[in-house]
Amino acid sequence: MDLTTWAIFPLLLGSIGVYSLYKLLQRLRSGAYLQDAVVVITGATSGLGRECAKVFYAAGTRLVLCGRSEEGLKNLVQELSQMRIKSAQLHKPHMVIFDLSDVEAVNSAANEILHLTGRVDILINNAGISYRGTILDTKVSVDRMVMDTNYFGPVALTKALIPSMIKNRRGHIVVISSVQGKISIPFRSAYSASKHATQAFFDCLRAEMSPYEIDVTVVNPGYIKTNLSLNAVTGDGSNYGVMDNNTAEGRTPEEVAQTVLRAVGERRKELLVAGLVPTLAVYLRTLAPTIFFSFMAARAKKERKLKDS
C-alpha cells in the first residue's frame, strides 16, 4: 500500500465505527420510544395491519386493535398471545370494533379507545379499500365510498384523538398512504384521489402539529402482497375479485411492517417503500411531467386493449 492508502484506511474504519455507533444508538432510542407506548392500529385483522400488530406487539407496545370483524380481531389477539418473545415486556391487546367509513362510529370508537387506555401515543391509520375501474363507468357513490374509508375515516379518527395528544404533549400519527398518493395511474382514479387527499392532509397536519411536539409519518408503499386488489371495488360497487400480477409480485406485508416499525421508531416524516420503477416514476412526475403523462397514456392504452381482447 502507498502512503495515501494508509492514510485513507484509518479514516474509513473510523467512519464505519461512527456509523455503526449511530445505528446502535438509534435502535436503543427506538426501543425506548416504543416500549409501553399505546399504539392504535386500524384495519388490524388482515394484510399489513395484521403484520403491524405483530411487530408492534413484539416491541412491547400496548396495542388497541381496530377493525370491523369481532371474530377477526379475536383471532388476532389469540395469535399474538401465542407468540414467544423474551426481549420485551408484553401487554394484552385491547379490541375496538367499528366501521371507519362511518364518521359517527369513529367518534364513539375514539372515546372508547381513550376510556380503555387513558391516552394514545401512536395512531397508525392503516385501514383502506382499493378500487379498479374506468372513470366513465364509475358511479359517484363509489368515489364517495372510497373517499369515506381512505380519507374521511382516518381524518375523523385523527381529529378525535389529537386533543388528547396535545394535552399530553406527546403523540405520533402514522398514515399508510400509497405511491398513488404521489402519482396517479390509469383505472385507479377513486383510489389515487383518496390517497392524494390523504397525502395533502397529513402534510398540513405535520406542520400544524410541530409546535405541540407531535410527529406525523406518511408511509407510501408500492405493491404489497395482500388481498387488497381481491377486495377492491369496481365502478358499480361490486367486488373486483382478481389478484393483480403486480400485487402478487409485491413486497410481503411482513417486510413492510418491519419498515413501518423502524420509521416510527426513527420518527421519520415520510417514507417511500417501493421498487425502482415506481420510485423513478415519482421523480419523473415532478422533474419531467410531460414524459410521465406520455407513459401513463401508453399504459392506459395497453390496459384497455388487454381488457377488450
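Placed from the backbone N, Cα and C atoms, the Cβ positions cover glycine too.
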Per Swiss-Prot, Ser46, Leu48, Tyr191, Lys195 bind NAD(+); matching candidate in Thr158, Thr217, Thr226: Thr226
Range annotated as transmembrane segment in Swiss-Prot, from 5-25, 278-298: 5-25
Among the NAD(+)-binding set Ser46, Leu48, Tyr191, Lys195, Thr226, as the record gives it, the longest Cα-Cα distance in Å: 20
Ser178 (substrate binding site) and Tyr191 (active site, proton acceptor), Cα-Cα, nearest whole angstrom: 9
For Lys195 (NAD(+) binding site), the three-state class that DSSP assigns: helix
Lowest local Cβ density among Ser46, Ser178, Thr226, which the record lists as binding-site residues, within 10 Å: Ser46
Inter-residue C-alpha distance, Thr226 (NAD(+) binding site) and Ser178 (substrate binding site) (nearest angstrom): 14
Lys195 (NAD(+) binding site): tally of other CB atoms within 10 A of its CB: 26
